[in-house]
Amino acid sequence: MSKLLINIKELLQIRKSTEQKVSGAAMKELPTIKNAFLRIEDDLIVSFGHMDELLNNQADQIIDCSGQIVLPSWCDSHTHIVYAGNREQEFVDRINGLSYEEIANRGGGILNSAKRLQETDEDTLFNESKTRLEEVIQQGTGAVEIKSGYGLTTEAELKMLRVIKRLKETYSLPIKATFLGAHAVPKEFKNNKQGYLDLIIHEMLPKVAEHKLADFIDIFCETGYFSVEDTEALLEKAATYGFIPKIHVNQFTAIGGVQAGVNQQALSVDHLEIVTDKDIEVLKDTITMPVALPSCSFFISIPYTPARKIIDAGLPLALATDFNPGTTPSGNMNFVVATACIKMKMTPEEAINAATLNGAYAMNLSNDYGSITEGKKANLIITKPIPSYHYLPYAFGSNCIDKVMIHGEFIS
Ligand code: NIG
Ligand code: FE
């Protein structure tokens, strides 16, 4: 089945297949073709160029994109889409003056979501999660990572991961699964964190590996949650099962999680609201992608990741949503891109690079996703008629998307 998109006002993010991520000053460049065509065969991009170069206009379906911009789908490399129920009461508690930490200390926060998830059956969990996934696909997300971490018992963690597996089997977009058993210390282990880590290492990890339920390993390396030593111990053990780390670091405090991640060859270190000069130095010339989650900063009123400091030091940066019931009840990548521009002073070019190719890199997907490249999957956003791509983050409250395509098929 072939499709030919013609008269595209501007085709964004044209890359060679060798370009796996974009770093530093190069993030200011977003290669584009104005007045372009794009040819798709089955699920693949097979060619593209300026309309003047279009010699053969035969195709099963021809789509006129006059006035419309086409770009690769958003690649959301950090979400917790599988969860049970919401936490709007904590939202109101925060408005009334309680901090995220105070709410967590009262048994709210991650433990609140864990309790609800443990009480929710697998089909209900699947159905709640699928509604959220379908929403973000409509919002232009064409590749997504989903974490466990609201189970906190072996049974409930496996339940979450099985739901992620079922989502993978049900939807055509690529989904990567991350095992985040070390998200918080459950109350049964309140004074025995080591006991819980032992359970993760000796019981959960082997089962997750045996049933091939995860691609990545994650841990919340943070004051009051898991230490750098805990992180090192878990990641070392997880490496023996082949799990690649993508870890939560520096959300509230900088305790050395970035260094630990880099030491363990983490694919990404995520959050980074608090970043030291040493963290920046440690990330230079590594394979580790820093990932910022501006919707989280927006929602719980914490600092934004210092994107300028990171990019101006020559590092790459990816943007993701962190979609979860506590700190970010939104999986809207359009809002993430806009917030990165408005609050983190990223240029639209930097933000689009961060939300496409660099996001794909942070999921080990940049061979097939994240840019307009011959041979990559045809996962696309087709905008409504808009004046320029700068309009996407500028019109932050508008839905600028006309159609989305996953693997060569329009999603209705
Ligand atoms: O990425 N920081 C840790 N985990 C989630 C939030 C967890 C929650 O409050 O439910 C995050 O922000
Ligand atoms: Fe998160």
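Easy rule for this one: first residue shown is 1, then count along the chain.
Every residue, even glycine, has its Cβ placed from backbone N, Cα and C.
The Zn(2+) binding site annotation in TrEMBL covers H78, H80, H248, D322. Annotation note: D322 (Zn(2+) binding site) sits in a coil segment as assigned by DSSP.
The Fe(3+) binding site annotation in TrEMBL covers H78, H80, H248, D322. There are 28 other CB atoms within 10 A of the CB of H248 (Zn(2+) binding site), with all protein chains counted.
The 10 Å shell around the Cβ of R87 (4-imidazolone-5-propanoate binding site) contains 21 further Cβ atoms across the protein chains shown. R87 (4-imidazolone-5-propanoate binding site) carries neither a helix nor a strand DSSP state and counts as coil. Annotation source TrEMBL lists 4-imidazolone-5-propanoate binding site at R87, Y150, H183, Q251, T327.
As annotated by TrEMBL, N-formimidoyl-L-glutamate binding site applies to Y150, N324, G326. The Cβ of Y150 (4-imidazolone-5-propanoate binding site) has H80, V82, Y83, A84, I110, S113, A114, L117, A156, M160, H183 as same-chain neighbours under 8 Å, each 6 or more residues away in sequence.
Under the heading domain 'Amidohydrolase-related', TrEMBL lists 69-409.
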Which binding-site residues out of R87, H183, D322 lie by ligand 2, going by a Cβ under 6 Å? D322
What does the structure give for the C-alpha distance between D322 (Zn(2+) binding site) and Q251 (4-imidazolone-5-propanoate binding site)? Integer Å is fine. 12
Which of these binding-site residues has the least crowded Cβ, counting other Cβ atoms within 10 Å: H78, H80, H183? H183
Taking a cut-off of under 6 Å between Cβ and any atom of ligand 1, tell me which of the binding-site residues H78, R87, Y150, N324, T327 pass. N324, T327
